[in-house]
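Undergrad: One structure follows; several queries about it will come next.
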Amino acid sequence: MSSIRRRHAAASLDTPAVGGRHELGQNFLVDRGVCTRIAEVVSSTTAHPVLELGAGDGAITRALVAANLPVTALELDPRRVRRLQRTFADGVTVVHGDMLRYDFGPYPHHVVSTVPFSITTPLLRRLIGQRFWHTAVLLVQWEVARKRAGVGGTTMLTAASWPWYEFTLVERVPKTSFDPVPSVDGGILVIERRSAPLLDDRCVGDYQNLVREVYTGPGRGLAAILRTRLPGREVDAWLRRERVDPAALPRDLKAGHWASLYRLYREVGTRPAPAGRSVRARPGSVGPDRSLPPRGLRSGPPRARRRGGGA
C-alpha cells in the first residue's frame, strides 16, 4: 500500500449523514466512456498513486482500478463512503473528507476529480496551493475548462500560475453524461506541474502582483497598460521583441510572454506593487501576494468553508 493511502486508511465515519446530491452540489458522471478516457489520461503520465477527490458512486474509481492504478478515493457523504468501501474491498483506500479541507500529504501523486460546479474556483485555488501532486485531471464546466486552458483568452487565475503549471483542454463532455443533468456541458482539463518552471519559485509573490496589476490596470491595450509602470521605450521594445500587438489585452498573452514581462520589470528596477501601492524594487525582496489567488507554491490556501464532493 502506498504512503499516501496508508496515511489516511483509518478515516472517521462518525459524522451524521448529510443531504443528497442537490445539497452537495453533485452531478455524477455516468458515461463509462468518459470515465475510461480520464483513466487513460492519468495512465499516460508518470507512475504515481492517484488521489480522487469526490469519488461519489465510484464511476471513475472503477475505471482507475481497471487501469491498475492505486487509488485513494475521497468522499464527503458518509453513506457513499460506506458504499465505496463495500464496492472496492481491495485495491482502493476510501477516505471520508472534504476536498476543500483535505491534506493531500507530502507524497508524489496525481489528482482526479469531477469537480462540483459550484466550487470549481475554490478547488482550483486549493489545488494550486498544494506542492506534491504532479498531474491533475479535472472534469469541470466547459467554459471554465476553455478559459483555464487559455482557449479564447486566459483568465487571471491561469496567468498567475502559468510559469509553474501547464493547462491543457482534452475534450468536451456532453451534459447528458451526468446524473442529474446539469445546465451546461463539462470539459476535461489537465493541469501539469512544469518539470522546468519558467520562473523561480521565489518570484511567486512579485509575479502574481504583476499579473494583478496588468489585468486590472488602467488603459486600453497592453501598450497603454504597461506604460503606467514602465518607460514607453522599454514597453515598445518588449512588444516588438515578443511580437505582441500593442492593442492586445492581458488575456491574449501566453506563458512565455508573462515570464518575459516579469523579467523586464525586474531588469528596469520596477517591482510590481502590492494592492494599490507603487514601490521600487529592493534586491531579494519577494513574497507571496496576499490578494491574488493562488497564494503561492510554498504555502497552503486559506481555510475554506465545507462543501460537498462530487463524482
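Any Cβ shown, glycine's included, is placed from N, Cα and C.
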Undergrad: Swiss-Prot has Asn27, Leu29, Glu75, Asp98 binding S-adenosyl-L-methionine. Which one of Gly54, Gly91, Gly105 is in the same site?
TA: Gly54
Undergrad: Within a 10 Å radius of its Cβ, which of these binding-site residues (Glu75, Asp98) has the fewest neighbouring Cβ atoms?
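TA: Ranked by other Cβ atoms within 10 Å, the binding-site residues Glu75, Asp98 bottom out at Asp98.
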Undergrad: Counting Cβ atoms within 10 Å of each candidate's own Cβ, which of the binding-site residues Asn27, Gly54 comes out highest?
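TA: In terms of Cβ crowding, the pick is Gly54.
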Undergrad: Looking only at Asn27, Leu29, Gly54, Glu75, Asp98, which the record lists for S-adenosyl-L-methionine, tell me the maximum pairwise CA distance in angstrom.
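TA: Between the outermost Cα atoms of Asn27, Leu29, Gly54, Glu75, Asp98, the distance is 19 Å.
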